[in-house]
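This report refers to the structure that appears directly beneath it.
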Amino acid sequence: MTSEQNKIYHERQRLQFCLLHSLNNLFQQKGAFTRASLNSVAERLVLDDPEKEIWTPFSLVFKPHHNSLTGNYDINVLIAALEGRGKTVIWHDGRNGASSIDLDDGLLMGIVVNVPVRRYAGLWKSRHWIAVRKIDGVWYNLDSDLQAPQNYKDCEEVREFLDFIISHDGQVLLVKNENRQ
């Protein structure tokens, strides 16, 4: 790992907490979000839902917005957690391709992508959250499944990655800071 990458915070994958890891990687801070804080967001979403689900014994583990044992948080938790930190989440319309994303937008904090994955010899299908962020002028893939952050040589390489994600049933979410005019 280069000395430049040593100063980049990179949390590794554990269980299905990839949303937790991607948020901490996006914010470049250990503990920016915790399991407890994301669980709290998920529980608040349930309380705010006018059409609450009826409780069953499975409700102890399989909650509406996450799995209480393994994590596996959904998009609603991501959006609520980021909005709670003054961020705006914009779902990128994949029909436009990555070329329509302004990677030099001063309000763009980073990008979170959600991709389909197959694990355990293809027997387990799930989805995985990945953070992509520009740090000191360089874009990095901060995927918690990677051994270390991977840098992109330029914006074109970032767009190629995002186009690949879009073409393989992935979703691209732009995370923007508040507009401070």
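Placement of Cβ uses the backbone N, Cα and C atoms for every residue, glycine included.
Annotated features, as they stand in TrEMBL:
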- C18: active site (ACT_SITE)
- H128: active site (ACT_SITE)
- D143: active site (ACT_SITE)
- 5-181: domain 'Josephin' (DOMAIN)
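Annotated features, which come from TrEMBL, shown on the structure.
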residue	record	Cβ within 10 Å
C18	active site	27
H128	active site	21
D143	active site	23
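Taking CA atoms as the reference points, C18 (active site) and H128 (active site) are 6 Å apart. Taking the C-alpha positions, the distance from D143 (active site) to H128 (active site) comes to 9 Å.
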